[in-house]
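Take a look at the structure set out below.
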Amino acid sequence: MRSSGRKKEQIRPVKITRNFTKYAEGSVLIEVGDTKVLCTASIEEKVPPFLKGSGEGWITAEYNMLPRSTQSRKQRDINKLKIDGRTMEIQRLIGRALRSAVDMKALGEKTIWIDCDVLQADGGTRTTSITGSFVALVDAVNKLHQKKPFNVYPIRHFVSAVSVGIVGEEKILDLCYEEDHVAKVDMNVVMTEEGEFIEIQGTGEAGPFSRKELDELLNLAEKGAKQMIQAQKDALKTDSLWIGTGRE
């Protein structure tokens, strides 16, 4: 039993609040345990120069932690005059994860900006950002679809993310900060509803791990990703019915 009372294969409570802010086409507050992230999706009727004239859209992400989202104050990137490596890595991960879910040709020449602001961090901020941002993305795309229906609905499948790790000798799902801090192995896994992998980021923090342990962690991640997708479906309700249909 973990310090929180959770079983090793149990995720933290998930709460997804849609339409959390007024102006963004999609906005979500996602809470996974004590980790809280505001995710917004904003639409621009243009694409980066390398996509002009291609007929394809683009999705890109920015990630930020509020200064007191952590136990001690974290300096804003803007005050350091550069984006730190961790922030850059995470926002690229979020962008890749969401682009994998979308038919860019069906989206057309539009850019969807995903902004993830961590309000409170207690482990799993990148995976929480991906899970919440997907819901914000669906809301933004649905608003486009209501204004002018797509010939083919562009979102192809659900995407969620979850962390897994080895703490002591136990393989556990959805690590909080206390667990992440002492984990021998720490892994972030992004998956589709069909059980396909989009990205696997794994590190042996305290030494190597075996292929058997890797397989066990991935099996655990698949269980967690399904639970996260169910939370997305519960939040979206009937607004998710177009996903994966490719219908006109």
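Backbone N, Cα and C atoms are what each Cβ position is placed from, and that goes for glycine too.
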May I ask you to find which of Arg73, Arg76, Arg86 Swiss-Prot records for the phosphate site already listed with Gly124, Thr125, Arg126? Arg86
Per DSSP (three-state), Gly124 (phosphate binding site) is coil
Going along the chain, which residues six or more apart from Arg126 (phosphate binding site) have their CB under 8 A from its CB? Tyr63, Ile90, Leu93, Ile94, Ala161, Asn188
Within 10 A of the CB of Gly124 (phosphate binding site), the number of other CB atoms across every chain shown is 26
Cβ neighbours of Arg86 (phosphate binding site) where a neighbour is any other Cβ within 10 Å: 11
